[in-house]
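Accompanying notes for the structure given below.
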Ligand SMILES: [Cu+2]
């Protein structure tokens with residue numbers, strides 16, 4: 001209701017301003033009432049073109065200077081560098097072309113502004129010019145597209161080479177659950193129809209499948225550094241998207257099917273915390289947080305960097321908060337952590353209908 005009222009007020013204010021402008025115009029006694037632009041109008045518009053050119057350059061420089069720090073830090077996955085180079089080259093080309101064409105566009109707009117007595121030149125076509133401005137974009141775009149396709153197929157080549165760790169990412173409104181394939185490194189069959197909340201079989205694992213017994217279901221993702229991880233994504237309800245920005249990884253999670261993504265983490269969480277960009281971001285965030293703390297506002301605890309898995313599809317009301325912490329650590333730390341987690345057999349199969357089954361799932 002409030003929104004409707006605000007909209008109505010805005011519309012009425014707009015109408016009032018419009019009417020007032022009309023009254024103002026009518027009250028002006030003009031010597032010249034012609035609607036046709038004269039030389040002085042064209043001159044003014046020509047200068048305004050230059051003013052606009054300066055404005056777009058200024059806002060570009062301002063944005064680079066002010067918001068450049070919000071870009072992602074160095075990639076923490078093996079394929080990330082290639083992905084970033086592709087992005088950088090695309091940006092540089094777009095930036096270069098846009099800077100030059102905008103200058104030309106505005107300059108010629110000014111140069112050939114209307115002048116009394118000037119006649120437009122009839123210039124039908126020029127094959128040579130058309131060839132040049134067609135072939136250059138064709139070559140550049142074809143290069144970018146081919147390079148992009150090559151990068152895409154290399155990144156998306158999910159295979160079993162190099163003994164990858166197999167991990168399932170399970171999405172549901174509004175949280176993530178991860179499942180490790182266990183000792184056998186094979187995920188047991190699962191289906192949303194087999195979910196049994198009473199037994200805490202929250203991912204719908206097939207209790208009769210021997211591969212499922214050693215699977216480990218957790219609420220925090222731990223990955224050993226330097227080992228390839230093959231992710232298999234499932235969704236329980238709607239479209240979600242598993243987004244791990246620091247690893248330059250994103251894949252949709254689609255109900256009824258299993259999607260895949262694979263990457264190798266190259267920096268542990270501890271190493272990434274030493275990255276200058278990350279340090280700067282932590283410092284800036286904690287400055288804001290300490291201000292909040294001083295004012296007694298919430299969300300004011302000091303923040304420490306962690307890798308993160310986010311949902312990148314607007315999947316409902318609490319979509320913004322659908323996230324899971326990712327810890328990249330050494331092989332020894334990872335082995336120690338995984339050994340402390342209960343397997344599906346320990347937490348669900350051998351518990352029967354007991355309520356304590358929930359304790360096994362962290
Ligand atoms: Cu989601």
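From the backbone N, Cα and C atoms, a Cβ is placed for every residue, glycine too.
Taken from TrEMBL, the feature domain 'Cytochrome oxidase subunit II transmembrane region profile' applies to 64-159.
According to TrEMBL, the domain 'Cytochrome oxidase subunit II copper A binding' annotation covers 162-340. Along the domain 'Cytochrome oxidase subunit II copper A binding' (162-340), the predicted structure has mean pLDDT 89.
According to TrEMBL, the transmembrane segment annotation covers 6-24 (among others).
Per TrEMBL, the feature transmembrane segment maps to 45-65 (among others).
Away from its own ends, the transmembrane segment (85-110) comes close to residues 46-47, 49-50, 52-53, 56-57, 140, 144, 147-148, 151 of its chain (Cβ-Cβ under 8 Å, at least six residues beyond either end). Among the features that TrEMBL reports, transmembrane segment is placed at 85-110 (among others).
Positions annotated as transmembrane segment by TrEMBL: 131-150 (among others).
DSSP places the residues of the domain 'Cytochrome oxidase subunit II transmembrane region profile' (64-159) in helix, strand and coil in these numbers: 68 helix, 1 strand, 27 coil.
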